[in-house]
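As given in TrEMBL:
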type	residues	note
REGION	130-149	region 'Disordered'
REGION	225-244	region 'Disordered'
COMPBIAS	230-244	compositional bias 'Low complexity'
REGION	288-351	region 'Disordered'
COMPBIAS	309-318	compositional bias 'Basic and acidic residues'
COMPBIAS	326-341	compositional bias 'Basic and acidic residues'
Amino acid sequence: MMAEAGAGGPRLAELLALGRRLWDELETSTEPSSGAPAVQDKVRQGLDALQRATAMVAQLELFSENEELEEVASADLKFMLLPALLGSLTLKQVNLSRRIEHLESAREHFLHFLKLCRNYGLGSFQLPPATSSHEAAGSPPAPQDPTQPNLVAMAMSRTAKIERYKQKKELENKLASMSSSVESGTADEDQIREFYILQIQKWIGTSLEEIESIDQELVILRSRDAARQAPPGSRGPSRPARAPMKPFILTRDAAQARVFGAGYPGLPTMTVDDWYEQRRRQGVVSQQGFGEPGFLPCPSPPAGAVDEESQKQQQEKKEEEDDEEALQKARDWDDWKDTHPRGYGNRHNMG
């Protein structure tokens, strides 16, 4: 196998190096938008290079389900990362009309990478289900009440996430300390092998996280599409449209209606009796009215409130009469001043 890899090695290694370099540039890009033409051009170039490298790996049969990790040459270990890199670059495409297609394709790449690692005993993890709908082939999922979450599964998932995060930090620190010697060519065979295995283990955690995120996004997108395609009648009966009510001022009696009408000529007015009669004709209330459902009766005023209202009306009437009497006195006083000059009748300042 080492000889086969060497026969096509230079070209294969160049394609992997190109795809990995473009992926690194996209990860550290300062472009404000992932949909920028320059960004998407790099995505397309990276995908092309990695897809060609993947085809060459399949042709060379570098990896087999029937061999152990020790049988894989150290220089060939880095090619195990091809499916994971393909999945990551596939997610960076921004064509919204093909988003579900890209998510499903990326999931397949990540799952292929995880299966490859599982076959070689790299890492200890639970393989995600074969499909994004969490249904194994030929075995539908058990029904579960959505209002009763699986607390055990949630706790296990949270514990697994915490453990993966710790492992990721440890792996990043180790890789950072070893990268300079591997890239400069001063590392020996054992160091190179350990470096590539650490990279693979780091991408195992990344792939598990990406698949979980993909599954969540697919559920949202498919639910949205299903809601758009559903016929209008399947969304439940719609309420009959109610005729809009015209604005009006509710007055106590006809006198107030005239006053408000004069002040607001553009706004219709009506008394309480008029309003009630109109609602009765519309069928909202019956002649009995107060016993009908849907009608909120006006409470009868208490006896004290009636007495108070009567006293207030008497007081207003008295004030009006007092005003007329005061006005008559003022008129008489003006007439008297017209016929009696100032100082008339003052006998104290004679002189």
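Note: Cβ is positioned from N, Cα and C throughout, glycine not excepted.
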Margin query: From the DSSP assignment alone, can you count helix, strand and coil residues within the compositional bias 'Basic and acidic residues' (326-341)?
Written below: 14 helix, 0 strand, 2 coil
Note to self: Could you give me three numbers for the compositional bias 'Basic and acidic residues' (309-318), the DSSP helix, strand and coil residue counts?
What the structure shows: 10 helix, 0 strand, 0 coil
